[in-house]
Amino acid sequence: MSFKSIFLTGGVVSSLGKGLTAASLALLLERQDLKVAMLKLDPYLNVDPGTMNPYEHGEVYVTDDGVETDLDLGHYHRFSSVQLSKYSIATSGQIYTKVLTKERNGEFLGSTVQVIPHVTNEIINVIQSCADHHKPDILIVEIGGTIGDIESLPFLEAVRQFRCEHPQDCLSIHMTYVPYLRAAKEIKTKPTQHSVQNLRSIGISPDVILCRSEAPLSTEVKRKISLFCNVPEHAVFNAIDLERSIYEMPLLLAKENISDFLLNKLGFSPKPLDLSDWQDLVEALCDKERQHVRIGLVGKYLEHKDAYKSVFEALFHASVPANCSLELVPIAPESEDLLEQLSQCDGCLIPGGFGTRSWEGKISAARYCREQNIPCFGICLGMQALVVEYARNVLDKPLANSMEMNPETPDPVVCMMEGQDSVVKGGTMRLGAYPCRIAPGSLASAAYKTDLVQERHRHRYEVNPSYIERLEEHGLKIAGVCPLGELCEIVEIPNHRWMLGVQFHPEFLSKLAKPHPLFIEFIRAAKAYSLEKANHEHR
């Protein structure tokens with residue numbers, strides 16, 4: 001086989017951080033001059049997360065080729081240089097759809113279609129297709145869910161078969177949780193033992209056990225896990241809870257020397273690992289002595305910490321080159337004291353979303369920021385809120401609205417894109433990377449320092465082309481358009497400290513090592529506003 005595979009499973013509890021672990025391993029392996037590809041196998045029966053409630057699943061991360069994916073792919077992107085595509089994710093829904101389509105087309109020649117071999121063979125095809133497309137040295141495969149879940153069984157069986165076919169080219173990492181009982185002052189290994197027993201009963205013996213824990217594991221505890229789980233003691237690694245930032249994870253794993261173990265096991269020769277640049281970025285990110293800047297997030301799904309995961313991370317990325325310490329203030333658009341909360345912030349970000357709830361609150365936030373000269377950044381639906389607010393209060397069209405919120409509005413300044421009125425919702429939006437031509441002399445141009453960029457999209461509605469001329473006549477600047485049809489991509493509010501809206505999702509391209517330029521300029525504007533307020537108060 002031309003590539004090696006690392007399979008990552010999780011046990012004991014969910015939310016162990018397998019996605020962060022996989023992303024961190026990718027970074028460490030790339031620092032060994034190896035090409036890495038990544039694949040997430042998700043057991044849920046949805047075809048993709050595109051129609052799932054953000055309160056249940058968190059954000060939907062979009063790839064360049066327009067695939068709606070799990071938020072873990074966002075972690076893969078932010079930590080490493082892996083190329084992500086439709087080959088980087090597969091769900092049970094996709095697998096079963098493919099199998100049933102083949103059955104309807106007669107490809108199984110009348111055989112009784114079963115989980116084994118038909119479903120498991122399709123999963124193996126997915127693994128092979130990812131490797132064939134990305135051509136990596138090492139493929140990291142994260143299996144979603146927890147050992148013991150019935151939904152995961154076909155994926156684990158496929159992994160077992162794949163390992164049997166390629167025993168020298170595969171390695172299994174099992175991630176578990178090792179609880180600490182404060183009352184007894186003891187670390188308990190029994191849950192890990194049972195989880196490994198479950199995995200071995202399926203036919204997969206882990207090569208590595210990675211233990212999440214609140215407290216460091218002693219040599220004695222590692223020896224006990226080694227004995228009862230049938231792995232060498234030096235193959236038991238510890239990932240203690242991170243206190244400052246998720247970006248410490250690669251440093252923690254490097255300290256455990258896990259990448260050297262993996263490389264030796266897979267037949268590679270480890271090289272000295274230099275993470276000094278990453279260490280510097282983490283230290284800068286966690287430096288609380290820098291100037292404090294408060295950013296208000298006026299969003300619909302703030303109760304779920306992962307609903308705007310990429311937005312949160314992009315803001316923190318930008319705080320490093322902006323040299324400030326960021327405080328993110330969640331503000332519910334329905335709050336009675338919305339404007340009071342905004343008045344205490346140095347900047348406002350209005351992220352994307354769908355549906356009528358919270359819409360008017362976002363428009364109120366946009367108006368307040370425009371009139372009070374507070375830096376404001378609108379993304380996707382947030383940009384549409386900026387445009388509708390401008391039409392209502394500057395163009396004097398009080399009934400202006402988006403057709404998503406009111407299909408009968410007399411002034412539909414935001415309308416549905418042509419061909420988007422499909423009854424089928426899954427995967428039918430304008431998705432993926434599209435070009436955007438930047439207007440010279442604009443805030444966007446100052447940020448990007450180029451006249452053509454590629455950004456990722458996920459939307460059905462656009463600024464109504466028939467209103468653009470009137471909006472521009474009243475001062476709104478169209479700072480970016482898609483050359484493929486002249487769709488409005490970026491708007492800016494003139495004579496303002498910094499107010500900009502984008503139809504795309506710049507957060508999907510941001511990394512700690514390469515923050516997105518629009519986020520950097522937004523945070524710099526908020527920092528300047530914070531300094532201005534502080535100087536005014538000291539007079």
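Any Cβ shown, glycine's included, is placed from N, Cα and C.
With Tyr55, Leu381, Gly382, Met383, Gln384, Glu404, Arg460 listed by Swiss-Prot as binding L-glutamine, the candidate from Gly353, Gly355, Gly432 annotated for that site turns out to be Gly353.
When Swiss-Prot records Ser15, Leu16, Gly17, Lys18, Gly19, Leu20 as binding ATP, the matching candidate from Asp70, Asp72, Asp132 it lists for that site is Asp72. Annotated CTP binding in Swiss-Prot involves Ser14, Asp149, Ile150, Glu151, Lys188, Thr189, Lys190, Pro191, Thr192, Gln193 plus, out of the candidates Lys98, Lys102, Lys224, the residue Lys224. Each of the recorded positions Lys190, Lys224, Arg460, His505 was scored by the other Cβ atoms within 10 Å of its Cβ; the lowest score goes to Lys190. Across the residues annotated as binding UTP (Ser14, Lys188, Thr189, Lys190, Pro191, Thr192, Gln193, Lys224), the widest Cα-Cα separation comes to 23 Å. Lys18 (ATP binding site) sits 20 Å from Tyr55 (L-glutamine binding site), counting Cα to Cα.
Here the Cα atom of Gly382 (L-glutamine binding site) is found 32 Å from that of Leu16 (ATP binding site).
Each of the recorded positions Asp72, Glu404, Glu507 was scored by the other Cβ atoms within 10 Å of its Cβ; the lowest score goes to Glu404. Using a 10 Å Cα-Cα cut-off from Lys188 (CTP binding site), none of the recorded positions among Ser15, Leu16, Leu20, Arg460, His505 qualify.
Of all the Cβ atoms in the protein chains shown, 12 others lie within 10 Å of the Cβ of Ser14 (CTP binding site).
Of the candidate binding-site residues, Leu16, Gly19, Leu20, Arg460, the one lying closest to Ile150 (CTP binding site) when CA atoms are compared is Leu16.
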